[in-house]
Amino acid sequence: MVEGGVTIVKYLLFLANLVLWVGGLSLIIVGSILQLKFDNVLDILGDERLATPIILLVIGSLCTLLGFLGCCGAIRENYCLTVSFAVLLALLITCEIAAVIIGYALHDSFRLGISNQLQTGMVRYHESRGVESAWDKTHQLFECCGVTNSSDWLTFTSIPDSCCVEEMEGCVRENAPLFEAGCIHSVEQWTLKNGAMVGGICAVLAAIQLVGVCFACCLSKSILKDFHDFYY
């Protein structure tokens, strides 16, 4: 049983991991809501595994698992659990930092890739019911039309009725008002707007993770010392 100042570290580590566990659950909930809300929209972006909701679900699951592991290791004063938690958490922090750096460095390439993928989806609009449904939902959800504007559709096919401000069958033929903004711009604005919120949550979790690593190292060292003092 640890004593003195290490006891404070023990309970602070438990509290930090409890917050990490709750934060992980929050990311899972947010990711699930986004996944349900934007169901089928991601068909026009290619690989669903790279979508924000999927990333949030993965990060949230990892934080929840690590938070649970850290809480058990701290409250039970288990050396193996505490060390495993510290190592895994340090690896997670490293991966998060690497992901941020890579995301910032490849921002322009990512934008170009999304633009190309959207144009590919326009070609397949009448070939795949899933792609057609995804585009129609994207138009209405983001209030946009085409990649850069509605004229993009004229290169591949006719402008779909989902580009109308008030969607109804045959509204394009009746010269109804269309959404003026392109979807690449609308998606970027949505990403920046929500990215700030997600980034803030991740920054708080990263700070808690860093504190958790320090506390876990201190606690595991104290547990190991007590073990040697008891047996030797």
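Just so you know, glycine gets a Cβ as well, placed from its N, Cα and C.
Those TrEMBL annotations? Automatic predictions, nothing curated.
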Candidate in Cys145, Cys171 joined to Cys163 through a disulfide, as TrEMBL lists it: Cys145
CB contacts for Cys145 (disulfide bond) [other CB atoms within 10 A, all chains]: 27
Protein Cβ atoms within 10 Å of Cys163 (disulfide bond), excluding its own: 26
